[in-house]
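These come from TrEMBL:
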type	residues	note
ACT_SITE	His119	active site, proton acceptor
BINDING	Cys127, Cys130, Cys152, Cys155	Zn(2+) binding site
DOMAIN	1-248	domain 'Deacetylase sirtuin-type'
Amino acid sequence: MSSDIELTANWLRRAKSAVVFTGAGISTESGIPDFRSPGGVWSKYRTVYFDEFCRSAQARHEYWTQKIEAHVAFAAADPNIGHQTIAKWEEQGRIRGVITQNIDGLHQIAGSQNVLELHGTAREVTCLDCDWRSPVDPFVTQFRETNEVPLCPECGDGRLKHATVSFGQVLPELTLNRALRWCQEADLVITVGSSLVVYPAAGLPEAGKRNGAKLVIINRDETGLDTIADMLIPGSCGEALTAIDAAI
Ligand code: NAD
Ligand code: ZN
């Protein structure tokens, strides 16, 4: 076992307020492509910006068509050993919770309770006109069958959108503030499977480090915060988390 893994396990064992921060890389081992994978939904379609979605029925149709394709990957995915290990650490009281950029809901399915979803969730829809929320599945079915964008059943004709943060849309303020507080109060921040280049999300582990936390980065490729990290663990998220867990 490498000494880096042992040292990280030591930090985690002693931590009083550790936080895990995850990105798309933790879910690739569940079969969901990350942002940069060639051939993924992300590289195939143009981005529908939030303001377009709001004002154009055609853009809403385009958005729903894209989301339906992404939904297939989500619906078939199960949490992997990485999600499970993070859930276990929370249950054992080793971490305060997990801050995620992911919209796939796999942390909750793995059993994590304290999850801050910075970019919302694709498992629900929300009405832009009355704030109503509901599980996404019936609306996916409806769109597939009718090829018409579903309207909000609560207010009658509200614009329904997946409860995710679109490009051009602001992050949920309460969630972002809470995540910032977790990081500022943390003595250890472990980032898993994030390129740490998407802001404001990447600013959170950075804020943790600035306020005295140790920063551990688990990622296959280079990240935007490698230069300030206390520990870099390159390679598979699942393997790294399993190894740390075994060393605790
Ligand atoms: P990113 O795509 O920018 O970075 C993912 C990182 O994970 C990459 O640096 C890659 O090298 C690494 N990686 C991929 N598979 C790995 C593995 N098995 N082991 C170790 N490292 C691995 O993702 P990001 O930082 O989360 O930012 C992209 C944005 O896209 C986020 O805002 C997120 O909301 C969104 N997104 C979410 C999902 C999801 O919910 N699963 C999927 C794609 C994109
Ligand atoms: Zn509504």
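A Cβ is built for glycine as well, from the same backbone N, Cα and C atoms used for every other residue.
All annotation found in TrEMBL is predicted automatically rather than curated by experts.
Apart from Cys127, Cys130, Cys152, Cys155, the Zn(2+) site neighbourhood in this chain, defined by C-beta within 8 angstroms of the site C-beta centre, holds Leu128, Asp129, Asp131, Trp132, Pro153, Glu154, Gly156, Gly158, Arg159, Leu160. If you compare Cα positions, the residue listed as 'active site, proton acceptor' sits closest to Cys127 out of the binding-site residues Cys127, Cys130, Cys152. The local packing around Cys130 (Zn(2+) binding site), expressed as other Cβ atoms within 10 Å of its Cβ over all shown chains, amounts to 12.
Residues from the recorded positions list (His119, Cys127, Cys152, Cys155) with a C-beta closer than 6 Å to any atom of ligand 2: Cys127, Cys152, Cys155. Sparsest Cβ environment among the binding-site residues Cys127, Cys152, Cys155 (other Cβ atoms counted within 10 Å): Cys155.
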